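Straight from TrEMBL, the features:
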- A:132-231: DNA-binding region (DNA_BIND)
- A:8-121: domain 'Response regulatory' (DOMAIN)
- A:132-231: domain 'OmpR/PhoB-type' (DOMAIN)
- A:ASP57: 4-aspartylphosphate (MOD_RES)
There are 2 protein chains.
Amino acid sequence: MSDKEPSKVLVVDDDPQIARALRINLSARGYQVVTAHDGTAALKAVAETRPDVVVLDLGLPDLDGVEVIEGLRGWNKVPIIVLSARDDSTDKVQALDAGADDYVTKPFGMDELLARLRAAVRRSGLSAADADAQVETASFTIDLAAKKVRRDGAEVHLTKTEWRLMELLVRNRGRLVTQKQLLHEVWGPSYDTESHYLRVYVAQLRRKLEPEPSRPRHLLTEPGMGYRFEP
Amino acid sequence: MSDKEPSKVLVVDDDPQIARALRINLSARGYQVVTAHDGTAALKAVAETRPDVVVLDLGLPDLDGVEVIEGLRGWNKVPIIVLSARDDSTDKVQALDAGADDYVTKPFGMDELLARLRAAVRRSGLSAADADAQVETASFTIDLAAKKVRRDGAEVHLTKTEWRLMELLVRNRGRLVTQKQLLHEVWGPSYDTESHYLRVYVAQLRRKLEPEPSRPRHLLTEPGMGYRFEP
DNA sequence: ACCGTGCGTCAAGGCGGCGTCAACAGACCT
DNA sequence: AGGTCTGTTGACGCCGCCTTGACGCACGGT
């Protein structure tokens, strides 16, 4: 996965008590917290800080809750979790139909709110998190998601075993990967000593990808230990 | 937008009273309703009918609710709204962390449930319906929204299974899609190894769409791994 | 110098996966 | 009931990939 960074939460609440409680609890769970105390500040804060999720208390001093939601949804699709003291059904329906993702009534359990937060982040995360894996070298590029390798614009075909080996090396780029580890992951636990396989397949990869296969610049041998991929 | 068709809802509840009430209310709102009365039937029903959203009552006779959620999340990302009589915080957290999208406690207002349903469908809709529902190749065009394929102006009919396979490949255009992934999404989680299906159906698609079926230019095989659609 | 070890290269099978054809059962329509 | 369409399953030939062996080479130790 790509994101080790903590999720950023925008907490919108005019009650300093609740805002403070949320900040403490969320920070303790590793979230990065930004706060806003009214609707206009909330809209501004979203534009500026780009949070991963918004916790929005209804009953703000300046704007109606639904207005805030609509103001956000006009241009942004960040998940919104609404907090409200009112358990009225119409309020919920209005907020949800305006574009809120969830609606929690006060008093609420912090555990529950955190779980709903995780759910919201998880949902929005998996759609966006795909686009990472693209590794480049001087002579070829590797797309881990598409399982494609291009060299001088033309696509190079790798077989299943070639790809498994290549992927393992690329995912550990810059680091040495031992023979045992490579054999283990590509061929299985019972091939730990068949280092001949490695020689054959590394040679094939070099022949397909290195500009000068006999003088490898990216798929390097560490004699007696293993192999290393250098971007 | 894409969906004029009604959303399909799978209602999972062992209490015939509630199941009936939900069916009536949802049908009245224009939803297409499918029901299952226990967990195993629910898992099967998802694989077969491909609902747009699942309403899952906890406390089923055969499986624990969390088991059902995990069984689904293993291979499918359809939104799940949990219904439960228990207002316990730990239950909510467990269900949400297992992969549920929302949690509603009984007794619930039908208006609220409907609003939460709309919210769930809306969310999953915008990530899936990524605007460009029209994909072209040199020899045929695919309209994902209209579920139609045209070749040389004339429309080509695809069967249900053919279409599911094609759609999955097209939505991942350019990327390699694993055999397991294809079998999972098209035939269901228990067909992991039936790669023969893939060969038969890919062959049919090629026969219908490729100018030279024995020399495919768009539906490409990656031996040992899977298939890839290249526009 | 000699030998051993580890690495790189090449080529020759064996076999598993793939494509294809075809038969069959069940669903659906008329 | 009859017919068509679809999904499932089996048989079979073929190609390509994995495996395996042989050999040359570089390096270091004795």
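Note: Cβ is positioned from N, Cα and C throughout, glycine not excepted.
Secondary structure of the domain 'Response regulatory' (A:8-121) per DSSP, as helix, strand and coil residue counts: 55 helix, 24 strand, 35 coil. Look at the DNA-binding region (A:132-231): DSSP puts its residues at 39 helix, 24 strand, 37 coil. Sequence-distant neighbours of the residue listed as '4-aspartylphosphate' (same chain, 6+ residues apart, CB-CB distance under 8 A): A:VAL12, A:ASP13, A:ASP14, A:ASP15, A:ILE18, A:GLY65, A:VAL82, A:LEU83, A:SER84. In this model, the domain 'Response regulatory' (A:8-121) carries an average pLDDT of 94.
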